[in-house]
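Working notes, beginning with the structure itself.
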Amino acid sequence: MADLDIAWTRLEAAAKAAGQKRIVEFFDAEPERLEALTLDVAGLHLDLSKQAWDEAGLEAALDLAHAADVEGARARMFGGEAINGSEGRAVLHTALRAPAGADVKALGQPVMAEVESVRQRMKAFAEAVRAGEIRGATGKPFKAILHIGIGGSDLGPRLLWDALRPIKPTIDLRFVANVDGAEFALTTADLDPEETLVMVVSKTFTTQETMANAGAARAWLVAALGEQGANQHLAAISTALDKTSAFGVPDERVFGFWDWVGGRYSLWSSVSLSVAVACGWDAFQGFLDGGAAMDAHFQSAPLGKNAPILLALAQIFNRNGLDRRARSVVPYSHRLRRLAAFLQQLEMESNGKSVGPDGQPVKRGTATVVFGDEGTNVQHAYFQCMHQGTDVTPMELIGVAKSDEGPAGMHEKLLSNLLAQAEAFMVGRTTEDVVAELKAKGVPDAEIATLAPQRTFAGNRPSTLVVLDRLTPQTFGALIALYEHKTFVEGVIWGINSFDQWGVELGKVMANRILPELESGASGQHDPSTSALIQRLRK
Ligand code: F6P
């Protein structure tokens, strides 16, 4: 057996053994557990001690990372090799947050001069819009930005805006993503075209939803300002510069990026220009710096003290060792409430693959379902199932240690819930404990017999805690880079290319086939169910 197969077999055996024990008991058996499984990096505190692995399990997981040559893959990514093999591309979103003078090459070609030049243009544009030096066609300063994009051209900037937006922004930033006219109508209803800057964000500049919304926004501007006027209210962010000029965006309002930046990794690029304008450049630069700090850690920390690697290994231990096919991510932070939606694209679009780069089926399960929403809200919604459902779902709970926002006393309540949930997931509540409580309350024995099991919590449900010292541009950047590298490490260990997304193509092609059938009754070949639905919807 090859080393990697041996390492997988060891991990599976170690997980099986650990899975028969209780997590809470590991703390007694392993006096160093807390020390070994907590770490502080770039303003984040990670606690993986409530995970399902024991010492032997962790060791087996680290051996697996070693056998999969995570370190070699990491060097190839940062070295700008064509690790996205199916598209022949390097993967260098890390260059977008690297300092100007860094030596970074994509497929052997230096990239930092171009990166820095776009960054400087972004900065100048952001400052000029904020200062009212760049204005609309009728001379009014821009008070609102309409950011149009979808997927990676939407989820990251939306999350970034929520995380960093001032309490009372001077520029109102709005997002439109879906090709559902209701979203466009609701979002623009109270905007004044004279004071609105429209930013069309699309790596390819061909995405159906984005181009439909961009066309609608252009028409909305033209109706108020005329053709020439409308152009002054447009900016475009894309790698397809020929298409942006065909759309009528003046060249000086086009901000490029590169094919070595995947859509779901693009929030470090001009894709987030709208946020840089609305939050100010310093905040955006802080975000880049936080990402760079995590990059430095990921590249240099030993495997056993490497935050993205440990986070990835915990996921693999749960997914492959213990067959847990979902993970819930719950930020106890209103500002981070869209994190799970962002991670759905990052992790599931990157690693939801069934074959490797050689076209051969993978031998083990890959990406799990990721879901979640903000705590404490979810405690009053789906947490029942997390505590007492038949399936164990590993949890990731994210908190912010210090916050001065809002009314006094609330933040401690928020934190107490975060800690309580993690403890409850692990410790649970025994039937004996419940029985004693019910007896003390004088509940009759017959009732106790049926009530006690319903009030029992099995516990032993693993969780990871990530606590930001404060929610700053830097810690937020470090958090996002942490998840990016975690996703990459998982892809390396699963033996897949995390940087293409062929799985999104089929639906797009079929929608384009169905559209003329809905619009004008053209005929097409479909299964009976789809044909019947087309007929029905045409009516
Ligand atoms: O359909 C999936 C996808 O290609 C994502 O990978 C991407 O982030 C999104 O669509 C948007 O693509 P674009 O930025 O090219 O409009």
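Just so you know, glycine gets a Cβ as well, placed from its N, Cα and C.
Predicted automatically and left uncurated, TrEMBL annotations should be read as such.
What you see is a predicted model, and the numbers here were worked out from it, not measured in a lab.
Taken straight from TrEMBL:
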- E349: active site, proton donor (ACT_SITE)
- H380: active site (ACT_SITE)
- K508: active site (ACT_SITE)
- 519-539: region 'Disordered' (REGION)
- 522-533: compositional bias 'Polar residues' (COMPBIAS)
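Rounded to the nearest whole angstrom, the C-alpha distance between E349 (active site, proton donor) and H380 (active site) is 29.
The most densely surrounded of the active-site residues H380, K508 is K508 (count of other Cβ atoms within 10 A of its Cβ). E349 (active site, proton donor): 22 other CB atoms within 10 A of its CB, across all protein chains. K508 (active site) sits 37 Å from H380 (active site), taking the Cα positions as reference.
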